[in-house]
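Feature annotation from TrEMBL assigns active site, nucleophile to 140. Annotated NAD(+) binding site per TrEMBL: 11, 12, 110, 168, 301, in sequence order. The D-glyceraldehyde 3-phosphate binding site feature in TrEMBL is assigned to 139, 140, 141, 194, 195. Feature annotation from TrEMBL assigns domain 'Glyceraldehyde 3-phosphate dehydrogenase NAD(P) binding' to 2-140.
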Ligand code: NAD
């Protein structure tokens, strides 16, 4: 069993921990928190060994009556791989610790590609992370783009991608984020960083993205215009996506015409935390006009990268040489459609 440590038990970290716990070839040896809050208490209640992310705060955990197993440095020492789910830009400092301890590391999309020089998506470039010391799972938005675009690239070839990304203002718990009552071009410059990020896992992608922040917390929403190398029909495209996992073709006419209804659908699936690991594409939105494919999709930002983190662990530790085998194993353990 591969020993996995989760550094930063927040939105992404707690989901990755639970997903690791579902696999039969890896185990969670510990999770780290910087504050003795309810998430720390619940991590211990769930049976995870809790380590203090900022060693100087050890006393505050004792004062809150929370049992800890040591500091983050102790946790790193015990692990084969650390999944770093700390907020963006803490990564460079942590990388030194991982290198010193000789432990492999997986970063998230909030860190820059240059930190690792290697980014990861299960469908895009799994093989490139095989046996490597560290990699970076691309952001929720880039993961969503790769999921739907890579199968199209493989099927017919893509000349050019244009995407308008409508981004949620913050995660549901983030009371300090916004906007509350505005549409904010973010960044206000064109292109946004999402396009270059796609090219770190779908090499050579010719893509320009623009992005807006809106007052919603549930999901991101993407609008894509894709010039294809050959003329294909809408049915061909549907056929390609239907054969892929981690993509859902859903109908607005079935009562799934919005991100709110997608989240309700996830609840009906009985998913823990209402997670929707798959990328839902509105089936009615798919059209091909003069060799250009149009479609609209949504991204559950809190959860779509979670299965990719599991596959990234298998790639770094060389538990599976083949991406499809790892994807199938992860999907089965997590009940992914
Ligand atoms: P978060 O703020 O919800 O959680 C971060 C956790 O790290 C918290 O539990 C915090 O206590 C802990 N932490 C803070 N400083 C630390 C330190 N110095 N050492 C150890 N732990 C520390 O953040 P998140 O949303 O889970 O984001 C984590 C990473 O995942 C970021 O790179 C982010 O860009 C990326 N990401 C986030 C989302 C999303 O929608 N939330 C989606 C995809 C990727």
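For all residues, glycine too, the Cβ spot is worked out from N, Cα and C.
The structure displayed is predicted, hence computed values, not measured ones.
Features recorded in TrEMBL, as mapped to the structure shown.
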residue: 11; record: NAD(+) binding site; DSSP class: helix
residue: 110; record: NAD(+) binding site; DSSP class: coil
residue: 139; record: D-glyceraldehyde 3-phosphate binding site; DSSP class: coil
residue: 168; record: NAD(+) binding site; DSSP class: strand
residue: 194; record: D-glyceraldehyde 3-phosphate binding site; DSSP class: helix
residue: 301; record: NAD(+) binding site; DSSP class: coil
Rounded inter-Cα distance in Å - residue 139 (D-glyceraldehyde 3-phosphate binding site), residue 12 (NAD(+) binding site):
11
Those binding-site residues, 12, 141, 195: which ones have a Cβ sitting under 6 Å from ligand 1?
12
Which residues of the same chain, at least 6 positions away in sequence, have a Cβ lying under 8 Å from the Cβ of residue 301 (NAD(+) binding site)?
140, 141, 168, 171, 219, 220
Max pairwise CA distance, angstrom, over record-listed D-glyceraldehyde 3-phosphate binders 139, 140, 141, 194, 195:
13
Could you measure between residue 195 (D-glyceraldehyde 3-phosphate binding site) and residue 11 (NAD(+) binding site) for me? Cα positions, answer in whole angstrom.
24
So among the binding-site residues 110, 195, who's got the most Cβ atoms within 10 Å?
195
Measuring Cα to Cα, how far is residue 110 (NAD(+) binding site) from residue 194 (D-glyceraldehyde 3-phosphate binding site) in Å?
12
Cβ within 8 Å of the NAD(+) site centroid (11, 12, 110, 168, 301 excluded): which residues?
140, 171, 302, 305
Other same-chain residues whose Cβ falls within 8 Å of the Cβ centroid of 139, 140, 141, 194, 195, the recorded D-glyceraldehyde 3-phosphate site, in sequence order:
109, 138, 142, 143, 144, 145, 165, 193, 197, 198, 209
Do any residues at least six apart in sequence from residue 194 (D-glyceraldehyde 3-phosphate binding site), in the same chain, have a Cβ closer than 8 Å to its Cβ, and if so which, in order?
139, 141, 142, 145, 163, 165, 209, 211
